[in-house]
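Features of the protein shown, as given by TrEMBL:
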{"type": "ACT_SITE", "residues": "Asp234", "note": "active site, charge relay system"}
{"type": "ACT_SITE", "residues": "His271", "note": "active site, charge relay system"}
{"type": "ACT_SITE", "residues": "Ser454", "note": "active site, charge relay system"}
{"type": "DOMAIN", "residues": "225-474", "note": "domain 'Peptidase S8/S53'"}
Amino acid sequence: MATNTVEPAARYVLLPVRGLHSDDLARVGANQALFEQAASARLNVLAHGLVPPHPHMRVLHSICPTGPKLVEMGPAERAALRVSDPGVRAVPLVRYEQARRPLLEIESELYPAATVAAATTLAVRCLDARTRQPVRRATVLAFTDFARRIGAGGLSDAQGQVALRLGAAPVRLDVLVAYGPPGYWGIGRRDVVLEDGAALEMEPVDLSVPDFAAELYGQLPPDAGRGVTVGVIDSGVDFNHPDLELAGGGAFVAEEGDAGGPGPAQRQGEHGTHVAGIIASTGSLQPGRPAPGKRGVAPGVRLYGYRVFPNSGQGATNYDIVRAIDQGVADGCDLLNLSLGSAYADEAVEAALKDAFDRGTLCIAAAGNDGRGPVSYPAAWALAVAVSSAAKKGTYPPGSSEVLDEVEPFAPIDPRIYISGFSNVGPAIDLAGPGGGIVSTLPGGLYGVMSGTSMACPAVTGMAAALLSARPDLLGLPRGRERSIALLGLLTQAARPLGFDPTLEGAGLPR
């Protein structure tokens, strides 16, 4: 018996064949008869003699009549669109992830819970290294086979205790890792013999001790970046943080109806606040705080926050990133920070980058964190500034989890400096930025540590803002392609090589 094999619908971003805005997009649907005829020709073949479904393309969202649109349609309709609307292209909807260094995870339990007796557990305690008080909600991971990610893990309770299913003590581990709650450095150790009752001492973050970003840029004037507008396209920014001020922004999450504003996403929402603080934290002394916070690279900037990551914790869609870039350009952003990435060579975000560049806005993007993998997109596109992560021994505690990212080669000019082991590299790299063990703002008025090209990227964005602020002649140029070229030249000419191959550092660290 014949079956009706209707191909499933999928979501696409409609764009002009060139650029981001076009009258061709406004005319989509005007040639409905031709569209239906072309789609029906394919659907009739697939129907195998049965009644074929009616061709249909559903417009879910549109930036504006002449701008990109989010649509849902099947393969037959997509092919028909090339017949009815040859000035329009349909790009698959894809998702981007935050470019923070991925936290390690246990992928296979040494002793699955269903087969473990109480006698096989080993207890450790997480303690504040200074006060010896328990540290609650620290994640402890004990790898007996690190290569295969086999071991045991757990979350510390109110007494700082974690029960690990590792068998009878002592246990030899390949790697022991602990990730602290906000305000604490993690722990990273190799070749460990773990005893029952062992104390894991976690160093509290001391805002007066400079990390690598502060060591490089901490001497800039407190109004660095004044007159420059910077947009952060990310998971949202905590505009109630005492050290952050937002001039504007919003939520650009079509699947949620753009609800919620520019604040942090409900899940995995701390990333954008950390990124924003690296650029623009004022680091001021607040009531009830015994010492000043940590200042960003360019506290004088006018900061916008564009949330593209949904509250569900999923990745951000290319359609929403395109919308945020388009809005950032409309808001007058000189620089847009994109600490996000995808392995997919997505033409939608590429078109938005080109449009921004042609309208005088420079986009700076994180290279990604796949451990020397190829540079992710959008950083890999030619019109984005691709940033790898550099780190420096001594700017984080010697036993912190950052030590696990220390890899050769080390910089000829300073043997303490290296390109982080997690950082993506390749010929697309333009610059390096400080990305290992960076302290910055977190939601709720807090500070904490993150590592990743996500952190290197805003450090470079902040330095770009500081450089641009000191050049009113460039800042005042008409907003067009020549302005973007001048901004790019200003930034790359400020870079100082560390002595690595250009595939690791590009032109070097902007100073």
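Cβ from N, Cα, C; glycine included.
Here the structure is a predicted model, which means the values were calculated and not measured.
Cβ neighbour count for Asp234 (active site, charge relay system): 31 (other Cβ atoms within 10 Å of its Cβ, all protein chains included).
Between Ser454 (active site, charge relay system) and His271 (active site, charge relay system), the C-alpha separation comes to 9 Å. The Cβ of His271 (active site, charge relay system) lies under 8 Å from the Cβ of Gln98, Arg100, Asp234, Ser235, Phe309, Ser339, Met450, Ser454, each on the same chain and at least six residues away in sequence. According to DSSP, Asp234 (active site, charge relay system) sits within a strand segment.
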